Amino acid sequence: MNLIRIFPIAFRDAAEPWQLGFQDPATPMMQGIIDLHHDIFFFLIVILIFVPWMLVRALWHFHYKRNPIPERIVHGTTIEIIWTIFPSIILMFIAIPSFALLYSMDEVVDPAITIKAIGHQWYWTYEYSDYNSSDEQSLTFDSYMIPEDDLELGQLRLLEVDNRMVVPAKTHLRIIITSADVLHSWAVPSLGVKCDAVPGRLNQTSIFIKREGVYYGQCSELCGTNHAFMPIVVEAVSLDDYVSWVSNKLD
Ligand code: CUA
């Protein structure tokens with residue numbers, strides 16, 4: 001029983017109207033990104049309050065009416081040490097979790113499946129070369145956006161595609177990203193992935209999707225007139241469903 005097919009709307013991860021925050025995370029990577037964002041946001045708020053407070057205070061107390069005879073002091077070693085050391089400590093508090101996340105995102109955990117995403121003007125091609133059948137034909141298909149006139153009720157405008165990239169959930173995946181023409185970028189917010197597709201170069205990223213669902217993304221590098229019309233849809237299913245999807249495709 002495929003729950004995604006029965007409740008298609010409940011399982012989809014796409015942007016919502018007037019959304020301000022992140023989309024729900026589906027990978028440890030995206031959870032890490034959101035946590036880091038919240039960590040840094042704390043310092044941002046502290047600085048945002050402290051700096052204007054200091055500015056307003058200085059303007060108030062050193063106004064020429066309130067303070068007609070100016071002080072002649074131009075140096076204060078103690079305060080200079082404080083305002084140099086303190087921001088660098090804040091930067092350390094930001095840098096340490098930031099580097100930890102950066103390097104853990106770069107790690108490729110022994111992938112079970114490798115999928116190649118190839119950007120074209122203006123669609124994506126997905127290659128599953130782990131299942132090359134005897135006649136050297138790999139499982140390859142194109143993924144085009146559904147045009148507005150062909151949308152069915154409940155489908156997302158500018159986001160739905162004809163052939164989704166189907167992957168198993170709870171499995172380590174390696175995505176290899178490249179392009180056949182110009183720069184594109186393969187990006188899916190809920191998965192925490194945004195990887196440039198560069199002609200003549202293979203970029204690699206790894207994902208581990210924690211729950212079944214449909215994840216929507218878009219090309220994120222200006223690639224021509226139809227840049228807005230080459231979305232990405234990743235459908236994460238159970239391993240059983242994935243196996244039967246692959247065997248259907250190979251026939
Ligand atoms: Cu492809 Cu923008």
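For all residues, glycine too, the Cβ spot is worked out from N, Cα and C.
The feature domain 'Cytochrome oxidase subunit II transmembrane region profile' is assigned by TrEMBL to 14-109. With helix defined as DSSP H, G or I and strand as E or B, the domain 'Cytochrome oxidase subunit II transmembrane region profile' (14-109) counts 64 helix, 0 strand, 32 coil.
On the 0 to 100 pLDDT scale, the domain 'Cytochrome oxidase subunit II copper A binding' (110-248) averages 93 in this prediction. Among the features that TrEMBL reports, domain 'Cytochrome oxidase subunit II copper A binding' is placed at 110-248.
Non-local neighbours of the transmembrane segment (40-60) in the same chain are 66, 90, 93-94, 98; each lies 6+ residues outside the stretch with a CB under 8 Å from one of its CB atoms. According to TrEMBL, the feature transmembrane segment maps to 40-60 (among others).
The annotation transmembrane segment is assigned in TrEMBL to 81-103 (among others). Cβ atoms under 8 Å from those of the transmembrane segment (81-103) belong to residues 32-33, 35-36, 39-40, 43, 47 of the same chain, restricted to positions at least 6 beyond its ends.
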